[in-house]
2 protein chains.
Amino acid sequence: MLEDKNPQRTTLENLGEFGLIKHLTQNFKLNHDSSVLGIGDDAAVLDFKGKKTIITTDMLVEGIHFDLSYMPLKHLGYKSVIVNLSDIYAMNANATQITVSIAVSNRFPLEALEEFYEGVAMACKMYNVDLVGGDTTSSTTGMLISITAIGIAEENEIVPRSGSKPNDLLVVSGDLGGAYLGLQVLEREKEVFKVNPNNQPDLEPYSYIVERQLKPEARKDIVALLQKLDVKPTAMIDISDGLSSEILHLCEQSSTGCNLFEDKIPLDPTVMSTSEEFKMDVTTIALSGGEDYELLFTIDQSDFPKIKGNPNLTVIGHITDKGEGAHLITRGDTKIPVSAQGWNSFNP
Amino acid sequence: MLEDKNPQRTTLENLGEFGLIKHLTQNFKLNHDSSVLGIGDDAAVLDFKGKKTIITTDMLVEGIHFDLSYMPLKHLGYKSVIVNLSDIYAMNANATQITVSIAVSNRFPLEALEEFYEGVAMACKMYNVDLVGGDTTSSTTGMLISITAIGIAEENEIVPRSGSKPNDLLVVSGDLGGAYLGLQVLEREKEVFKVNPNNQPDLEPYSYIVERQLKPEARKDIVALLQKLDVKPTAMIDISDGLSSEILHLCEQSSTGCNLFEDKIPLDPTVMSTSEEFKMDVTTIALSGGEDYELLFTIDQSDFPKIKGNPNLTVIGHITDKGEGAHLITRGDTKIPVSAQGWNSFNP
């Protein structure tokens with residue numbers, strides 16, 4: 001018997017827009033009391049019963065934000081949700097609903113969208129968020145994703161970027177630079193594959209950083225941990241564009257400066273070994289790589305005992321007066337201004 | 001003195017993403033008490049003080065939903081907001097906030113985005129909605145817009161699509177078919193322009209329908225009018241895809257059928273004359289043209305005296321049992337099933 005090597009391909013035209021939305025979203029259930037009415041009407045209805053509503057939105061474009069040659073669609077669906085949830089957690093809020101809009105060219109069959117939505121569903125399940133709306137349409141070329149995430153918080157829980165004050169400690173969750181290096185590994189494998197399509201890449205030694213790139217997580221656990229530790233950050237932001245860019249945002253909006261210590265930046269061993277392999281400066285990668293989706297926040301010094309020694313949290317510096325500016329104190333004890341393109345300044 | 005015929009062109013690279021967002025949104029003010037925190041943090045914060053939150057989202061893709069060769073960017077910005085607000089009003093709710101995400105290729109200078117945001121700002125002002133968030137990114141080709149609109153309503157005010165019952169009257173606001181015919185006029189002029197770029201089109205006789213296409217309005221006024229008349233529709237939907245498609249949605253979600261009378265469908269004189277000029281059936285256009293952004297709703301018969309004679313509202317039929325199906329009663333008194341592609345059925 002001959003094996004059918006072609007995976008199933010159902011063209012989207014056969015389903016039509018409404019059939020498509022119904023098909024893709026039929027297994028999504030509403031789990032939150034605040035999700036009053038989901039997909040299927042002109043709009044969704046939410047009820048936050050007097051609490052604050054938190055809204056954020058992000059757009060992902062094929063060829064700019066992702067490359068389908070090494071990004072499986074299921075991972076893409078998952079990651080697209082994660083990058084939005086991360087912004088909600090960065091407000092110290094809880095994510096409750098998302099809307100997912102997607103535009104695809106006719107090179108995508110139904111099965112591709114199903115895979116994408118499998119990833120969306122997995123993220124919804126992992127993070128307990130309800131899919132309540134969206135739009136599905138055609139594009140002239142490639143795939144585009146726009147997601148809006150909605151969250152909930154009590155007024156006194158919300159942590160904006162603007163609340164840090166001099167002498168606060170600068171804290172980061174997890175470790176940095178992995179997602180960027182994972183991307184470098186994947187791009188190198190893509191080049192190898194172009195030359196020799198039979199080459200089987202061994203990604204095993206890079207599994208941590210490849211996963212940081214392909215299947216990042218949002219730090220909902222850190223929001224819960226801080227609550228458990230009874231620590232309310234004075235300011236918080238998520239690290240999507242690299243540590244230096246986010247530090248500058250936080251300082252600008254808080255009207256403060258900061259001192260950041262190079263030797264305190266948390267790095268995974270794989271990040272250190274791979275950056276050596278790629279002959280790249282590991283600090284530069286942590287400062288400017290981006291896509292880590294960790295949380296960067298400031299706490300009052302009096303809260304230090306509560307977080308001290310916690311393996312998920314690292315104190316990497318402190319806040320100063322605005323006039324002092326934002327500086328990196330290097331391992332060699334040199335003071336360098338933090339800039340959004342850190343690699344230009346100190347990696348000549 | 002020589003005139004500089006090149007409009008100013010500022011490339012987006014010079015500004016950077018954050019500079020760009022700041023630049024484009026600096027003149028947007030927050031007007032609603034429910035807008036607690038707007039653009040500039042990880043997410044926006046809204047407070048609906050116990051009322052229900054209404055959310056809808058729509059994506060518009062260049063080459064699919066709009067053609068920049070006859071759609072000025074300012075109009076596009078305006079219309080992109082309108083199509084989303086229309087969905088909020090179709091829930092009988094009040095629109096309060098929007099987020100605007102936009103992806104553009106490097107063929108767009110800053111001035112193009114400024115024009116687009118001028119249109120967004122005009123719609124925000126006209127409809128009193130606050131811009132509270134968004135995303136600005138690059139695309140590999142063309143322009144993509146994704147807007148999420150947020151609204152507010154008391155629980156007992158919300159009108160979903162699912163509440164119509166047999167004997168309810170089927171009512172539509174405004175008149176239908178104009179936006180589709182306006183598009184036909186614009187596409188004809190585009191063809192003429194291709195042949196003779198010096199030809200100056202005379203669009204004056206078509207100004208009503210061209211405006212319906214390029215600068216549609218959302219029927220916030222109808223929501224207010226119904227409230228004033230003390231009429232709460234039993235079901236409501238906005239007409240974005242043509243009357244027949246929307247009637248079928250409403251009937252399906254209400255588990256009802258309907259009888260729609262061809263001779264009751266409201267048509268503007270320009271729509272009638274232009275459809276004749278284009279040798280198109282005017283009923284087909286009203287049923288399937290789309291983009292009218294009028295409201296289609298059902299009311300209890302006892303409410304008929306309240307709306308009778310109102311120039312903004314037209315009774316076009318009534319709801320029946322589901323078993324009777326959805327039918328169009330033609331001028332010739334023939335009964336034809338309503339189908340989402342109406343033109344196939346009765347325009348052979």
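Every residue number used here counts from 1 along the chain in the order it is shown.
Including glycine, each Cβ sits where the backbone N, Cα and C put it.
TrEMBL: automatically predicted annotations, no manual curation.
Taken from TrEMBL, the feature domain 'PurM-like N-terminal' covers B:40-153. Helix, strand and coil content of the domain 'PurM-like N-terminal' (B:40-153), in residues and according to DSSP, is 35 helix, 48 strand, 31 coil.
Under the heading Mg(2+) 4 binding site, TrEMBL lists B:Asp42, B:Thr56, B:Asp87.
Summarising the annotation, TrEMBL assigns Mg(2+) 3 binding site to B:Asp42, B:Asp87, B:Asp238. Every protein chain shown contributes to the tally, and the Cβ of B:Asp42 (Mg(2+) 4 binding site) ends up with 25 other Cβ atoms within 10 Å.
What TrEMBL records for B:Thr57, B:Asp58, B:Asp135 is Mg(2+) 1 binding site.
Summarising the annotation, TrEMBL assigns Mg(2+) 2 binding site to B:Asp58, B:Asp87. Neighbours of B:Asp87 (Mg(2+) 4 binding site), defined as other CB atoms within 10 A of its CB across all chains, total 27.
The number of other Cβ atoms within 10 Å of the Cβ belonging to B:Glu291 (substrate binding site), over all protein chains shown, comes to 20. In three-state terms derived from DSSP, B:Glu291 (substrate binding site) belongs to neither a helical nor a strand segment and is classed as coil. Per TrEMBL, substrate binding site is recorded for B:His65, B:Glu291, B:Trp343.
Per TrEMBL, ATP binding site is recorded for B:Tyr117, B:Gly134, B:Asp135, B:Arg161, B:Ser240. Cβ contacts within 10 Å of B:Asp135 (Mg(2+) 1 binding site), excluding its own Cβ and spanning all protein chains shown: 21.
Taken from TrEMBL, the feature domain 'PurM-like C-terminal' applies to B:165-323.
Summarising the annotation, TrEMBL assigns Mg(2+) 5 binding site to B:Asp241. In the three-state DSSP classification, B:Asp241 (Mg(2+) 5 binding site) falls within coil.
Taking the C-alpha atom of B:Asp135 (Mg(2+) 1 binding site) as reference, the shortest distance to any of the binding-site residues B:Asp42, B:Thr56, B:His65, B:Asp238, B:Asp241 belongs to B:Asp42. Checking the binding-site residues (B:Asp42, B:Thr57, B:His65, B:Tyr117, B:Glu291) against B:Asp241 (Mg(2+) 5 binding site) with a 10 Å Cα-Cα cut-off leaves B:Glu291. The separation of B:Asp87 (Mg(2+) 4 binding site) from B:Asp58 (Mg(2+) 1 binding site), Cα to Cα, is 10 Å. Using a cut-off of under 8 A between C-beta atoms, the binding-site residues B:Asp58, B:Tyr117, B:Gly134, B:Asp135, B:Arg161, B:Asp238 that neighbour chain A are B:Asp58, B:Gly134, B:Asp135, B:Arg161, B:Asp238. Taking only the Cα positions, the spacing between B:Asp238 (Mg(2+) 3 binding site) and B:Arg161 (ATP binding site) is 10 angstrom. Put simply, of the binding-site residues B:Thr57, B:His65, B:Arg161, B:Glu291, the one whose Cα is nearest the Cα of B:Asp87 (Mg(2+) 4 binding site) is B:Thr57. For B:Arg161 (ATP binding site), the count of additional Cβ atoms within 10 Å of its Cβ stands at 23 [all protein chains shown].
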